[in-house]
Structure formats: C-alpha cells, structure tokens
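Pulled from TrEMBL, these are the features on record:
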| type | residues | note |
| --- | --- | --- |
| ACT_SITE | 183 | active site, tele-phosphohistidine intermediate |
| ACT_SITE | 481 | active site, proton donor |
| BINDING | 285, 321, 433, 434, 444 | phosphoenolpyruvate binding site |
| BINDING | 410, 434 | Mg(2+) binding site |
| DOMAIN | 4-120 | domain 'Phosphotransferase system enzyme I N-terminal' |
| DOMAIN | 149-218 | domain 'PEP-utilising enzyme mobile' |
| DOMAIN | 249-518 | domain 'PEP-utilising enzyme C-terminal' |
Ligand SMILES: C=C(OP(=O)(O)O)C(=O)O
Ligand SMILES: [Mg+2]
C-alpha cells in the first residue's frame, strides 16, 4: 500500500511508525462514583507516576533536556498542587476533573506573575495532560519518546513540537494535514528531517508498522517488500555520499556569481549552514526564537540571541527579518485579537506597527548586535503590501542605526509595484511561500488546498519577473527566500527571472549549487520564458524539464 503527499526536501528514510496521540478533551465535571478518598489515591498515584516518568526520561536524555524534565517532575510533585487537588475532590468530582481544575488555577497564577514564571505555563499544561492521560490509562500526549528510532505520524505538529524533535530518534515525519510551506514543513526542512505533509490516510497507519518515506517522490510505502527496502537503503547511502561533496560559492556555468545563502531560525543552525557552504544568511526568522514566549523579549535578551548568530558570519551578509507574527505563527504578545482570517489580518509588519514599541526594541537590539559584531546586517519587514508601509519601515530602521533596510515581497500588490517599492527600499527579498498563498488564494496551512500551493504556477512566476525587472531597473538586490529557492530546477527559473541571490534551508544548498553550475544566465532566461508560457504549475514544471533536457 502507498500513501501520497507533498515531500519536503529530497531525502529517504525507513523505519517503524509511531502515531502522535490526539490531545485529550477537557474532562467533564461529572460526579464520581468513588469516594473523595479513593479518587485522592488515584490522583496521587498518577501524579507520582508522571513525576517518575519525567525524571526517568530526563536521565535517558541528559544535558539541557534533563534539566527541563527534572523541573517538570518537581512541578508534578509539588505539594501545593496535590493539596489543591484533594480540596477540590471534596465536592465529589472525579480525579481527572480535579487535576484539570487545580492545574488550570496554578497556570493562571503563573501567567499573572509574568516573565520567566509565565513561560512555565506550557510546561504545566503538558504535565496536566500527562496526569489525566495516566488516570485514564491512555498514552501520554505530545511527541512520543520511545527508546528506538521511528517515523512520526501526526495530524500536524505545533511549531514548538517540530523545533524540539529529537533528531537522533525521528527518522521521518509524515502529517495528514499541512501544506508544503506550512511552518511544520519549513522547520522540517530546516532540520533536514525527511518529511511528507498533507498525506491523507496517514492517520490510519498503526504503531510499529514499517514504512519507507520517500520525500522526493512524495510517497509513503507501507509494509515494503525486501526489494523496496534494499532500493531505499541504497538511496539513503547515495544521498549521504553527495552531502560530503566539496562546497564553493554559487556560480552559473558562465561564471556569473549567484550567492547561495541559508534560511535559519536560530543560531544553532549556523554551523551546519557554514559547513554546507552558505555564503551568509538570506533569512533569519526571528519569531522562531520566541514561539513559546508569553511576553515580548527584552532588548538585552534579543541582543544576546542576535549576537550569537551574527558572530558566526564575520564579513558576510546576514538578512534578519523582524518578527513575523500572526496566521500560522502567532506570538501571544503581538497577536491578542481573535481574527476570522488571520492570514489576511494583523500579521507581520501590520502587527508590529500596531505595537511600535516592540518593533523599535527589536531594531535597537539588532543595531546593538550589529555594532558588536563584524557581520553585514541587513534588516527586512514581512507582509508589506504598500509603498507607504515600506517607507515607514525603512525610515525607522535607518533612524535606529541600521544602514540596509528592505522589505519582503509576499503580497501580489508589492510585486506589482516593485519599481516603486524599490525606489524606497535598499533591497527586496521575495517570500515565495506567502506570495503563492496570496496569489492562488490557498491557505498554506490547509492540506485540502495544498495542490494550489505550488510556486511553479506561472502567475507566481510572472510576479517574480516583475520584481526581477524592477531590480534590474533600479540596480538594487532581489533575493528569494521562500521554499521555491530550494527546488533546484525552479531555482534556475528564478535566476532567469532576475533573482540576484537565493536563500534556502542548509539541506538544499548542495543540490541547488550543482544545478546552477550547469546553466548559463542566458539559458536560465530561456527556461524562465518557457515556464512563464505554461498554463499551470505542472505544465511549467514539465516544460522546463523537457527544455533543460534539450
Ligand atoms: C520566506 C517566507 O516567509 P515565511 O515562510 O516565514 O512566512 C515566505 O513567505 O516565503
Ligand atoms: Mg512569509
């Protein structure tokens, strides 16, 4: 049997499935058939079991993970909490309900304290879910942590879950929901996890079932034959061999330099990017640093994080994007209103402008980190749709001491007026993920419309061409930092449309470098014309493949 979805990257993996448990529903406030004392014993036993399990997991993990898990174990064993559970049981409710209520009350207390304490609220939610699961004899929620490597199968993952995946254990990730540019997919690409998203039917798989996950083919082979397993193992070995190939700067066959940069979400990814030959950073997604934060990070906290990254790129360009909060990456301190359509709401620069203090603090922290290091810092704003917004951001960044200020082109309006945007901005960078979402009117989070989320669509390419032409006319840089740059054949087309640099997850650098080295600028322009003349995305892909074969 096979399942089909959208592959992230080109990797292959093989291993046993483990399904991510669904989150538990809130326990109902029903009266228990047991006495308060009996329910009290159940609650105490489950609290102790969860504390023991967390400590044991910490011992196995070691390092920072052990510190975090030990602190969680202490929370589970907190006498104030168990006293509160006992008090609530006196009204005759179940242990599940009493645990739920006691943890919720404690959570509110922590959030009220603010700062570090407030950030522990999510840890508390996790423990509460674990205890309630234990009481019902159900598997613990959250990413499973077995002792062996596995293929994680889930409906979708929260960005925080994806960011914390243990790469020693998670061989591959398969989700039934989510499109190719959802943040689950982006983080998977960033961490070089073999992944397939939008694989409908994946939730019918069961624990222990063996699968081959072939991201390049977008295919999950269930219960593979011996031959299929041999072929998968040799594909894994081939790919490992290619990753060892020597690296150099991005260059076309005619010698035209085409800098290849890395997309990063934290300073930790820098070493791998440098090892794979990244010539700098084309997109540093700062919001990934603060996904769990209940409060806005301070200038000092931010400065530390930015300095840690910049210090690793002396003399090289690092394009930092200010917080892109909203839609699929809400940050509680920037997005506090309910929105029907968050992708069309107060997102990116719009949200920052509504809380200008946070934007000013971020730019100040960046300017300080810039002054403290030798990297060449460029700063840009996400989700910009007007020339007026561009002028606002560029003037503010210059005022706060950042010399190179630009905007992302992610909305068709900005692409169509790129000449006027570039008259104001020092540079632009095209975010093809959002540009595709907004051009095709297809939510990048929805598996059901993932087929529309294809940057090969000639309408998207036409908009990229508008921006490329504006770059040539103004002599200003036009980067690409969406996932499209990581597709080797599409990268050639984007260069033909006028991109002057490409930024991608480190895992894709090798494949894109090799592809670019095989074409001249004139050939890239011809292939771009072929793609633009197609009726749709599949036709553009096929026509370019045929033309490239000659
Ligand atoms: C690079 C982009 O930004 P993000 O994926 O973080 O929204 C994009 O939209 O292409
Ligand atoms: Mg975007």
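Glycine is treated like the rest: Cβ placed from N, Cα and C.
Feature annotations (TrEMBL) mapped to structure.
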{"residue": "285", "record": "phosphoenolpyruvate binding site", "contacts (Cβ under 8 Å, 6+ apart)": "263, 264, 265, 321, 324"}
{"residue": "410", "record": "Mg(2+) binding site", "contacts (Cβ under 8 Å, 6+ apart)": "348, 382, 383, 384, 430, 431, 433, 434, 435, 438"}
{"residue": "481", "record": "active site, proton donor", "contacts (Cβ under 8 Å, 6+ apart)": "261, 263, 282, 283, 319, 408, 429, 430, 431, 503, 504"}
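Mapped onto DSSP classes, the domain 'Phosphotransferase system enzyme I N-terminal' (4-120) shows 75 helix, 14 strand, 28 coil. Around the Cβ of residue 321 (phosphoenolpyruvate binding site), the number of neighbouring Cβ atoms within 10 Å comes to 24. Ligand 2 lies within reach of 410, 433, 434 from the recorded positions 285, 321, 410, 433, 434, 481, judged by a C-beta closer than 6 angstroms to any of its atoms. Taking 321, 410, 433, 444 as the candidate binding-site residues, the subset whose CB lies under 6 angstroms from any atom of ligand 1 consists of 410, 433. Helix, strand and coil residue tallies for the domain 'PEP-utilising enzyme mobile' (149-218), in that order: 16 helix, 20 strand, 34 coil [DSSP].
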